[in-house]
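**Student:** I am attaching a structure below and will ask some questions about it afterwards.
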Amino acid sequence: MSCGEPHETDCSEILDHLYEFLDKEMPDSDCVKFEHHFEECSPCLEKYGLEQAVKKLVKRCCGQDDVPGDLRAKVMGRLDLIRSGQSVPEHDVAAAPSSSAPQES
């Protein structure tokens, strides 16, 4: 996504690192670049607002559950694959079969 306007920091870079900004996982100097970008780019600001709302909703609904570290690492790895344009292996996308599901013979 791009608004088509030139910016000091490109829209694609902002969107690629949006969750790092939302989660406060980036240096202050980078945060300043993001804030400046949002001041001049309404499409990115809108996307930021939407993702911020989703994050708050998830926290409110699921905030009491601890996420295992290995699950977080796996999800972040998959997000990195997606952001880099690589495809996620099909076996990682499909739901694992339930133990109560009937077995085919």
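Even glycines carry a Cβ here, placed using N, Cα and C.
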**Student:** Given the ranges 3-17, 33-47, 63-77, which one is assigned the annotation region 'Contributes to redox-sensitivity' in Swiss-Prot?
**Tutor:** 33-47
**Student:** Neighbourhood of the Zn(2+) site (Cys11, His37, Cys41, Cys44): other residues with Cβ within 8 Å of the Cβ centroid, in order?
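**Tutor:** For the Zn(2+) site the neighbour list reads Cys3, His7, Thr9, Asp10, Ile14, Leu15, Phe38, Glu40, Pro43, Leu45.
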**Student:** Could you give the number of helix, strand and coil residues in the region 'Contributes to redox-sensitivity' (33-47) as assigned by DSSP?
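**Tutor:** Residue counts for the region 'Contributes to redox-sensitivity' (33-47) by secondary structure: 14 helix, 0 strand, 1 coil.
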